[in-house]
Amino acid sequence: MVAPAALRVVRCGGSTLHGVRAVFSADSKQVGPGYLLCASGDFVKMYSVTTEETLRLMGGHADLVTGIQLNPHNHMQLYSSSLDGSIKLWDFMDGIPIKTFTIGSKLLALYALASSEDSVFVVIPKSGERDTFQLVSVKLTKAAGHDLEAKELSVVLDGVDASPKRIAFGREGEYVASVKDVNLQVYFFKQKQLNRFSVSAMKTKGGNNHFTCIACHPTEDCIATGHADGKIRLWRNFCHKKEYTFSTLHWHHDTVMDLAFSMEGTRLLSGGVESVLVLWHNESDCQRDFLPRLGSAIEYISMSSDGTLCCTLHTDNRITIINSNLRFCKSIQGLIRSMDVKTGLVVDPRTKALVLNGEPGHLQFYCLQSDQQLFSLDIVQRQYIHQAGLNQTDLVKVAFSAQGKWLATVEEREELSDPGLQLKLWFYDEETQSFKLNTRINTPHEDHITDMCFRDMDELEDDSLILVTAGRDCVFKVWVMVEDTDPEAQQSVSWSCDFVGSYHNYQATNCCFSEDGSLLAVSFEETVTVWDSVTWDLKCTFCHPPGKIRNICFGRLTCSKYLIGATDYGFLCCWNLLSCALEWSAHLNVLVLQPDPLSEHIAAVSWLSKESSLFVFKPNEPRPIYIQKNLCKEKIQLAAFVPRDEPETISSEKYLWLRRSQLFFLTDTQELMTLSTKSLEERLTPSSKQLAVEESLPVTPFSLLLGKHRRQQSQEDIDLGKPVVHNKHEQDSPAVKELLHTPAHVLPSASFLCPIFINSLLISKENKSAEEVADEVEMESEKTEDDSDEERDVTEMEQEDTSPVELLGEMTCKLSKSQEKELRKIRKMDYSWIAAF
């Protein structure tokens, strides 16, 4: 028996890509197979510089990755450090961990030098002191084994900052420099000399001298430091405590976020909150170039080893790859982390992408498989001003129709008196493969819109599509498509209000349609109302137990007669729509209520005692089918079921609710998480690699295409009822393997390979098994029973000529023709009367 896999909570995306400086592989030329490695949560990701594709996802750390560095003695290997107290050495080309060194303390930064043969440098907390850190040298043992302990530590610097960009090593590793607050300290390894410098902490002429970052010149004794007032200082002669000098460069109007020298040291790159990369030539304040409009604040700057490329990591989870001539090259966009996801988590029916707030005023379509943004849709279509205190228009609600042809959005300002509401309807254009604005409705409600939904009916989407909006103005409105009679209109249809409903002047808070679209449920504060979606007659109301309704949803499939609601008083209620009575209720503080669109299951997430817990249930059963307490320490704000492309193979019955859909949830720290029954190795293996392993083919585009074609052909044969014949000899043939695996430039001529290949496809008679021959004899025998005597004689002659008995190998006897005829008669006799006894 195989034990069922445990359900794990895993980060699946949205992890910060800008927490650690990225690293280029040694051969990072754009025309070559260059790679970019960066930390993302608990993982290390490897991207292709040319295609922007995620090639590797290396996991194994139990906490956030805090540093990555190429092995200076082997550029095909990578070091990574983590808060879990371990350093891992990777073969990043294969994504395989070679060694794991356990330090025993949290690691906050990592540095590897070519001058240090068997050691690396890390930043760790100082024992016994809070918020105090030190830079230490860790000797990595060369002992055999995978899991090793590295306990030999030597302190290099005390009182350093925890940020990895506030420590830098000088040319050839002769010294290390560290900045913290207004202090700069430089330690020389050979002389074992420590020099300390400080700048005035007083703000002079509106400046702020606090250090924010540091970089060292690769070939000269020069240190560049960034400051909170936007200035850059270039320090020289710092080997003397009093005779040091520095010059100042100034362009940034705010904090300098990071600095980086070019490989030859003739140019200095700087970035900050202005979203502009500044290139300083020859350390001159007059010679500088700019690359503006990079989207968001620059957090880190990295240079390739050959100096041809640099990359910037941004606060919105974007990686920008830039040429040495300061021209934009590539962009890799992860999940944009927004402080307030007002739209909720919505699934695009067309692409299965998660749709939520992105840049201010934009919708981001986020691909869960690649952990990258597919595209961004500008909804507000206004320039956003990055200044605190301004009431600017933002996107607050979004809804898709069942097939994804229509998109509804709501935008508003934060002002209470005049929210400036706009309801927009967008139509998906197949030609341009994007959404186009169809209808703009100004002030659709007198107050803020609280919820909206489409009538989810696939077969009626084009004919009678309905949109419902609920608002704080105590009404819900029904919007329908009408033919546009304006001859100057560019589209043939537009949207207009068809019905307005209310209930005792209560604020409308939630709305949803039943699965068949016949009923509409609208919550008005503490009451749930149910309406007929054809006549718009009020059918029934539910108002027990007390408390404002926080979430409502209908059951699906076999549970479509139930309506579920959660109140802010901590009750989860289930009403029966046939009896109009409360079916059951549970005392549970539900923050998120999310139904699975492909099954009867509903997921409820509660928040109690600073813990988030998950409950999965069917409305017809009050007892949950799955409970996971302490799901995570963070507060879960949103959740969504995303349909799978293919049903998952689930080994345990308690996890069958995950078979057709996958549950994703977003925490208040903007971490996107999911539940998985797969082991870490299975989750980290790319689908292309899994396919190659299963098919025993090399990972090439042609081989993957060939494997896909074989699977499609096999599936077509199964659908048509054809027997699927697997040619084992074809897969085991050395000639076929040699042809597929040998590089093309070393293959012999085609005239030499052709006879070998053709002969390998021929099947000799001796390879037939006894079962196959027996089946052929039986099929021939059954055929002869239905034929005439003349045909039977011909068939028997053919069987005798082909000599199938000879193919059976060792046989004790051979039946004559008369004996075979007698045997066929016996087979035709009816022996069913024996069953009576």
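Numbering starts at 1 and runs along the chain as it is shown here.
Cβ coordinates come from backbone N, Cα and C, glycine included.
A TrEMBL annotation is a machine prediction, not a hand-curated record.
Database features (TrEMBL):
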REPEAT    58-100  repeat 'WD'
REPEAT    204-235  repeat 'WD'
REPEAT    249-280  repeat 'WD'
DOMAIN    345-670  domain 'WD repeat-containing protein 75 second beta-propeller'
REGION    770-807  region 'Disordered'
COMPBIAS  772-803  compositional bias 'Acidic residues'
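The repeat 'WD' (204-235) is not in contact with the repeat 'WD' (58-100), judged by fewer than 3 CB-CB distances under 8 Å for residue pairs 6 or more apart in sequence. Helix, strand and coil residue tallies for the repeat 'WD' (249-280), in that order: 0 helix, 18 strand, 14 coil [DSSP]. Note on the repeat 'WD' (204-235): DSSP counts are 0 helix, 17 strand, 15 coil. The average pLDDT computed over the repeat 'WD' (58-100) stands at 92. The repeat 'WD' (58-100): residue composition by secondary structure is 0 helix, 29 strand, 14 coil, according to DSSP.
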